[in-house]
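> The following feature annotations were taken from Swiss-Prot:
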type	residues	note
REGION	1-21	region 'Disordered'
REGION	106-138	region 'Disordered'
COMPBIAS	106-117	compositional bias 'Low complexity'
COMPBIAS	125-135	compositional bias 'Low complexity'
REPEAT	144-220	repeat '1'
BINDING	ASN146, ARG182, LYS197, ASN236, ARG273	DNA binding site
REPEAT	234-311	repeat '2'
Amino acid sequence: MDQNNSLPPYAQGLASPQGAMTPGIPIFSPMMPYGTGLTPQPIQNTNSLSILEEQQREQQQQQQQQQQQQQQAVATAAASVQQSTSQQSTQGASGQTPQLFHSQTLTTAPLPGTTPLYPSPMTPMTPITPATPASESSGIVPQLQNIVSTVNLGCKLDLKTIALRARNAEYNPKRFAAVIMRIREPRTTALIFSSGKMVCTGAKSEEQSRLAARKYARVVQKLGFPAKFLDFKIQNMVGSCDVKFPIRLEGLVLTHQQFSSYEPELFPGLIYRMIKPRIVLLIFVSGKVVLTGAKVRAEIYEAFENIYPILKGFRKTT
């Protein structure tokens, strides 16, 4: 009897040399699902391509959504800028000074990456004039405190003779090369030079200044000089007033740097140089205002009406 025939059927393949590579029972391998024998069978996954396509589609959809959101944000910013610009033009047409705040400064260009759409709070603000109604009137009239006028007497003068013979006259050529003369009515002071020029100061009105200059010329005539009254002219007018509220000078000088200077260590007042009319104002924290440099009274009043809305915008609220 053959030895191979005595073996069970499932072991006959293993016992024969030819059957060593031909197993008698199916062999399961994790690398070969349900393969028979030792011949490798390729693994086929029909769902792998569809999964990759779905992932690519999802990524494309997400990118499209992000682009749409950025476009919507840019469009919203542009609309806000257009609306603020129209509001400012409307305010300018109504006589108001347009305002500019941080929330109205927007970026309309396409923004890459994580660039913020709105500026940071540290963005510097453009200096502007505080907005107040143009029709608002202060109701305050500056009072004239001093008027400086000049006149030409038209002749050479001997200052020593004038100082010796005239009343209320003093002359010290080492200190000042002019005779200083004073009268009581109107209460003024005159500086008389040897060239015949005279400066009159201290008058409270134009009429008082002219009257005082004529009185000084008459005194010189009585001393024997052929004095005349030529080329009378007001050179400077000084006025003052009180706005009745304290003023933030630090904020005023920051927003009007090209017109003002403020050095509290040197002088307690803010110096404001107005362009039109050409007036210099001294503004104090207490609310007192001094106006100088005017040739006519109307310039004093006009300058104060121009500066009053600005001062009201910097009123202290404490």
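Placed from the backbone N, Cα and C atoms, the Cβ positions cover glycine too.
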> Counting by DSSP secondary structure, give me helix, strand and coil numbers for the repeat '2' (234-311).
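Within the repeat '2' (234-311) the tally stands at 22 helix, 29 strand, 27 coil.
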> Counting by DSSP, what is the helix, strand and coil composition of the repeat '1' (144-220)?
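Result for the repeat '1' (144-220), in helix, strand, coil order: 22 helix, 28 strand, 27 coil.
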> Have a look around ARG273 (DNA binding site) and count the other CB atoms within 10 A of its CB, chains all included.
14
